[in-house]
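Positions annotated as Ca(2+) binding site by Swiss-Prot, on the basis of similarity to another entry: Gln26, Lys62, Lys64, Asp328. Annotated compositional bias 'Acidic residues' per Swiss-Prot: 252-261, 380-409, in sequence order. Look at Swiss-Prot and you will find Lys48, Lys159, Lys209 tagged as N6-acetyllysine, backed by similarity to another entry. What Swiss-Prot records for Lys64 is N6-(2-hydroxyisobutyryl)lysine, and it gives similarity to another entry as the kind of evidence. Look at Swiss-Prot and you will find 237-270 tagged as region 'Interaction with PPIB', backed by similarity to another entry. Annotation comment: Swiss-Prot describes 244-255 as repeat '1-4'. According to Swiss-Prot, the feature repeat '2-1' maps to 259-269.
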Amino acid sequence: MLLSVPLLLGLLGLAAAEPAVYFKEQFLDGDGWTSRWIESKHKSDFGKFVLSSGKFYGDEEKDKGLQTSQDARFYALSASFEPFSNKGQTLVVQFTVKHEQNIDCGGGYVKLFPNSLDQTDMHGDSEYNIMFGPDICGPGTKKVHVIFNYKGKNVLINKDIRCKDDEFTHLYTLIVRPDNTYEVKIDNSQVESGSLEDDWDFLPPKKIKDPDASKPEDWDERAKIDDPTDSKPEDWDKPEHIPDPDAKKPEDWDEEMDGEWEPPVIQNPEYKGEWKPRQIDNPDYKGTWIHPEIDNPEYSPDPSIYAYDNFGVLGLDLWQVKSGTIFDNFLITNDEAYAEEFGNETWGVTKAAEKQMKDKQDEEQRLKEEEEDKKRKEEEEAEDKEDDEDKDEDEEDEEDKEEDEEEDVPGQAKDEL
């Protein structure tokens with residue numbers, strides 16, 4: 001069967017529009033993940049990941065992911081995929097993070113490595129291409145890292161992107177485009193965007209201060225000056241403190257014993273402080289001198305800042321003080337729309353049910369604590385009542401004893417007689 005040229009071109013166009021999915025991991029095959037993910041042996045005490053949907057979830061099976069399981073540990077785990085380059089195409093990196101342990105200090109980011117990485121020796125100093133994701137440590141650090149390795153140097157973003165710091169699952173997306181622009185999304189909503197060249201210090205500045213320029217000696221930057229016609233009044237200078245005119249030497253003051261009497265000092269009501277001439281507009285004021293700039297001879301544009309020759313490994317290389325973070329729904333693709341749709345079909349489908357389950361657990365815990373508190377108070381009241389009854393019985397016994405002793409006294413006296 002022969003196809004018409006328009007139809008053939010249409011089919012080719014549809015094929016070209018298909019998204020390229022370089023890596024996708026949802027952990028839907030139970031323990032099958034252990035054959036795809038490799039633990040680093042660089043250190044013997046790396047923390048262990050386990051497959052779990054956590055203490056609360058929207059869908060117990062779909063929400064299963066890699067969970068950190070040991071406190072105060074470094075973690076190093078990675079998965080490889082068919083190597084690719086993002087030259088000439090968009091790169092989208094996406095995954096979900098859930099800090100259900102109410103994390104105090106720890107990473108929730110991923111690293112993209114070239115396929116030359118020795119996965120069994122991956123560690124914190126292993127060279128990567130891109131690092132992306134949330135990082136939390138105390139109240140001061142709650143940011144989304146976006147770090148690019150450019151010519152062997154890790155370059156951090158110049159902006160502060162705040163991450164989510166609650167206990168729920170959140171979707172993190174990094175988009176890097178071939179026009180050297182980028183976008184960061186959290187929960188499929190844009191939180192930052194811009195130019196790679198503007199928001200990272202990849203290149204020397206386009207402009208520099210002219211080294212041959214200097215501020216003229218007669219350049220006056222003072223907006224105000226002292227009024228040369230103003231002078232200090234003759235009666236201005238008064239002491240700040242004066243002897244108290246109302247003070248009197250005590251009658252029992254002995255100058256031989258106490259020394260010469262001096263009245264206490266008080267604030268002088270006529271004291272005016274330091275005199276300063278009034279200010280007037282400076283007739284010679286020229287404004288703040290601005291150093292002129294010239295084109296930087298060291299600057300050279302790089303249209304390929306965004307591009308990497310080789311991506312081949314996604315790794316979790318991080319430190320956590322309190323474990324419990326769950327990573328899931330990893331995706332690396334070249335299609336922004338596909339990534340957004342994938343996020344909606346994973347995180348988007350289960351987020352509401354996850355919150356409902358957490359709210360229900362919190363309510364059950366609240367009621368349990370109220371019941372325990374009520375029971376504790378009742379037990380304390382019962383103990384107090386029992387103590388009061390015992391005290392009353394002791395007092396009655398003491399009174400009976402005293403009465404018995406009083407009755408015995410006359411008989412005792414009679415016997416003595």
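From the backbone N, Cα and C atoms, a Cβ is placed for every residue, glycine too.
Bear in mind that the values here come from a model prediction, so they are computed numbers and not experimental data.
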Query raised in the report: Between Asp328 (Ca(2+) binding site) and Lys159 (N6-acetyllysine), what is the CA-CA distance rounded to a whole number of Å?
Result: 26
Report summary line: Comparing the Cα of Lys64 (Ca(2+) binding site) with the Cα atoms of the modified residues Lys48, Lys159, Lys209, the shortest distance belongs to Lys48
Report task. Note the Cβ centroid of Gln26, Lys62, Lys64, Asp328, the recorded Ca(2+) site, then list each other residue of that chain whose Cβ lies within 8 Å of it, in sequence. Result -> Phe27, Leu28, Ser53, Glu61, Asp63, Gly65, Asn329, Thr346
Query raised in the report: In angstrom units, rounded to an integer, how far apart are the Cα atoms of Lys209 (N6-acetyllysine) and Lys62 (Ca(2+) binding site)?
Result: 57
Report task. Could you state the whole-number distance in Å separating the C-alpha atoms of Gln26 (Ca(2+) binding site) and Lys159 (N6-acetyllysine)? Result -> 31
Report summary line: Counting across all protein chains, other CB atoms within 10 angstroms of the CB of Lys209 (N6-acetyllysine) number 13
Report task. Between Lys48 (N6-acetyllysine) and Lys159 (N6-acetyllysine), find the distance joining the two CA atoms and give it rounded to the nearest Å. Result -> 33
**Report entry** Spatial separation of Lys159 (N6-acetyllysine) from Lys62 (Ca(2+) binding site) - C-alpha basis, Å
**Finding:** 34
**Report entry** Least Cβ-crowded entry, counting other Cβ within 10 Å, from the recorded positions listed as Lys62, Lys64, Lys159
**Finding:** Lys159
Query - Taken over the region 'Interaction with PPIB' (237-270), the model's mean pLDDT - result: 90
